[in-house]
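To start, the structure under review is shown below, and the notes come after it.
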Amino acid sequence: MEEFRFLYLIYSAAFALCLVVSVLAQDQSGFISIDCGIPSGSSYKDDTTGINYVSDSSFVETGVSKSIPFTAQRQLQNLRSFPEGSRNCYTLIPIQGKGKKYLIRASFMYGNYDGENGSPEFDLFLGGNIWDTVLLSNGSSIVSKEVVYLSQSENIFVCLGNKGKGTPFISTLELRFLGNDNTTYDSPNGALFFSRRWDLRSLMGSPVRYDDDVYDRIWIPRNFGYCREINTSLPVTSDNNSYSLSSLVMSTAMTPINTTRPITMTLENSDPNVRYFVYMHFAEVEDLSLKPNQTREFDISINGVTVAAGFSPKYLQTNTFFLNPESQSKIAFSLVRTPKSTLPPIVNALEIYVANSFSQSLTNQEDGDAVTSLKTSYKVKKNWHGDPCLPNDYIWEGLNCSYDSLTPPRITSLNLSSSGLTGHISSSFSNLTMIQELDLSNNGLTGDIPEFLSKLKFLRVLNLENNTLTGSVPSELLERSNTGSFSLRLGENPGLCTEISCRKSNSKKLVIPLVASFAALFILLLLSGVFWRIRNRRNKSVNSAPQTSPMAKSENKLLFTFADVIKMTNNFGQVLGKGGFGTVYHGFYDNLQVAVKLLSETSAQGFKEFRSEVEVLVRVHHVNLTALIGYFHEGDQMGLIYEFMANGNMADHLAGKYQHTLSWRQRLQIALDAAQGLEYLHCGCKPPIVHRDVKTSNILLNEKNRAKLADFGLSRSFHTESRSHVSTLVAGTPGYLDPLCFETNGLNEKSDIYSFGVVLLEMITGKTVIKESQTKRVHVSDWVISILRSTNDVNNVIDSKMAKDFDVNSVWKVVELALSSVSQNVSDRPNMPHIVRGLNECLQREESNKNY
């Protein structure tokens, strides 16, 4: 009876253990299993492994889904392709967090999904380090890359880099948590690249993986020709082994047929920097207690040097030997039977990894979290994927970072100019504690300038121009600015108080609104009286009542009389220029220099252009667009009064009508100013506006050679739901006019971009738009393309009058922007935000490069 009870307890314990193992085997809490390219939100359970796969839609922001018609394995039937961007990234956030070890596996099958019959080649990155290069030799080949990785942060970035040798893609991405024992698969650099993993037995049967292997390691059957398989039907335990080997793998072993022969294996190593990490797994599968006088004992050696002597595997228990040989051209492993052994050596399983340097730390965690938060809160539409600062060739657009081999990279500069930011200035900026330059200009930011910006002790440039910020500026920022050690740019924020004195004490807060109310009432009464006097005077100034434009009733702009215009221009004494609309005169209004555009009576299109320009200028306000001061319309006399630009227009400068030749830096700044004005028309106006007459003569310069886009006589609004054509009336200036508008009989924002591309080419070359000879007419774009094709040297197209104090790479960048803008394929033309970013980067390059 006692014997029966004992057996019952044994079987009960064994059954309970089996239940525990089964539950653990089914636990996928440490798994992230992604079938790339399947429909968003979808998932399924694999019939063979029982692994739950999900769509990649919540792990990646870019790419397009593609499918392969004929493939057996379900995880290879779909893929995600990345035709755009130099780097695209998946973000994995395992629940176990950072400082843990994970097995990460990426799989690829080309399957000629794109019909190109190509051999795509691209780079694979993990965090800020190169993982491997993926090369698909044909459509049916399957490539799998695997790494054991010690995570540095909560987020794990797996990225694909475009090498220009085919479109990157990925079929499957898998992550497996390897338990809490970080001594398992230990590596000095935090990463082990998979080389091979063998289940040493006969070649019959399939690879072993989950749920037989709790970590979903894939074990490939392998047998040496001089060996045979031995096995057991009993389970092999790994209770005291942190590698948690599969019982199915460990229940088979390989042993030499010739019992006196050793087991040998050789690794060829052509790279002296490569270090192999070898894991040999042993378990005795024969019950030697049933074989009297039989023993199994052997030595383990590397290149003839014994590293483990007299080793005897334990029956049905896993033992692992970790071997880390010195790097040599040939590494020979041997399992040699000892003299007292009666049985040959055995080995059950083998893993080989390569230890490579993952020496580059990720971007400082606080910095990375800050810009990631900004990306989310402002919905930043930039190619911001993966680690912000790494690898260096893939740094996030608009960022600069500092690099130190001993510490993680830090973000030192952030340019979010013209990025469509709205709302308040985010507190996340306060976490960029090493930031030196911050540009938030040309956005829609509102509210106060927060005090925390003054606490960023390394900040030396802060640009907040052209937003809608209100309130007073923190006194510390103003004080730092006054010392000259800090550049603070606050222009074009009408509601912003920039004087220290405007920060009043609390005792005055109740007085100010009361005084302001009385003052406002007084001003209102005064203006009413002035308005009545002006109206009576205007009614008497001409015999017939003036035809007041309907726009004057709806827009709060000053309507002048023709008599006022005669006075301010000194009876039209100084002509500034002439055009199809009429003549522009110089004048003064309240000691302010103005330009008066008088519409010609003979201009057939004049009144339409006049009305269009007034409609545009009374509703758009931007630092890079000419500002309307007023207008007049009496009888046949009509015109505009706008701010005077002292340095004329860009066309005259390029034509050599001024003594000073503009430098490349000045031209870049002018191009950027004009681009920002055009970007505002396209992206900042509701509804958007197409200019339709972008040219160098419509880019005006002030005394500091800062530019504003002018002449909106041909401008038209267009609606976002039907932007393909704005107007069926083709208008503009030959040479700048998009040739495709005659095919489509319409103009749109891409037509403006074509014109701006021509402007850029003029600025680069100093050439006229069209060069005419007796035999032909050559457009500047055709000339540039011809020269670059024949010489591939951008210096051959640069304006010879310009000083050679420039970075040739920035010129190349602008040439590329210009040529893409004038592309005959409209879809290849960039939009204005892209052009603005490109010009901004070029200007920053010029300003930071002091050693030409």
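Residue positions begin at 1 at the first shown residue.
Including glycine, each Cβ sits where the backbone N, Cα and C put it.
Pulled from Swiss-Prot, these are the features on record:
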type: SIGNAL; residues: 1-25; note: signal peptide
type: TOPO_DOM; residues: 26-510; note: topological domain 'Extracellular'
type: CARBOHYD; residues: ASN138; note: N-linked glycosylation site
type: CARBOHYD; residues: ASN182; note: N-linked glycosylation site
type: CARBOHYD; residues: ASN231; note: N-linked glycosylation site
type: CARBOHYD; residues: ASN240; note: N-linked glycosylation site
type: CARBOHYD; residues: ASN258; note: N-linked glycosylation site
type: CARBOHYD; residues: ASN293; note: N-linked glycosylation site
type: CARBOHYD; residues: ASN400; note: N-linked glycosylation site
type: CARBOHYD; residues: ASN415; note: N-linked glycosylation site
type: CARBOHYD; residues: ASN431; note: N-linked glycosylation site
type: CARBOHYD; residues: ASN466; note: N-linked glycosylation site
type: TOPO_DOM; residues: 532-852; note: topological domain 'Cytoplasmic'
type: MOD_RES; residues: THR561; note: phosphothreonine
type: DOMAIN; residues: 570-843; note: domain 'Protein kinase'
type: MOD_RES; residues: TYR642; note: phosphotyrosine
type: MOD_RES; residues: THR728; note: phosphothreonine
type: MOD_RES; residues: THR733; note: phosphothreonine
For the recorded positions ASN240, ASN431, THR733, the one whose C-beta sees the most other C-beta atoms within 10 angstroms: ASN431
Per-residue pLDDT averaged over the topological domain 'Extracellular' (26-510), given as an integer: 90
Secondary structure at ASN293 (N-linked glycosylation site), reduced by DSSP to three states: coil
Cβ-Cβ neighbours of ASN466 (N-linked glycosylation site) (radius 10 Å): 26
Residue, out of the glycosylation sites ASN182, ASN400, whose Cβ gathers the largest set of other Cβ atoms within 10 Å: ASN400
Candidate with the highest Cβ count within 10 Å, taken from the recorded positions ASN138, ASN231, ASN258, THR561: THR561
For the glycosylation sites ASN293, ASN415, the one whose C-beta sees the most other C-beta atoms within 10 angstroms: ASN415
Residue among glycosylation sites ASN293, ASN415, ASN431 with Cα closest to the Cα of TYR642 (phosphotyrosine): ASN415
Proximal residue to ASN240 (N-linked glycosylation site) among glycosylation sites ASN182, ASN231, ASN400, ASN415, ASN431 (C-alpha distance): ASN182
Three-class DSSP secondary structure - ASN231 (N-linked glycosylation site): strand
Protein Cβ atoms within 10 Å of TYR642 (phosphotyrosine), excluding its own: 23
ASN400 (N-linked glycosylation site): nearby recorded positions from ASN258, ASN293, ASN415, THR561, THR733, Cα cut-off 10 Å: ASN415
Assigned conformation of ASN431 (N-linked glycosylation site) - DSSP reduced to three states: helix
Integer Å distance between the CA atoms belonging to ASN182 (N-linked glycosylation site) and ASN293 (N-linked glycosylation site): 41
Candidates ASN231, ASN431, THR561 (recorded positions) - the one closest to ASN466 (N-linked glycosylation site) by CA: ASN431
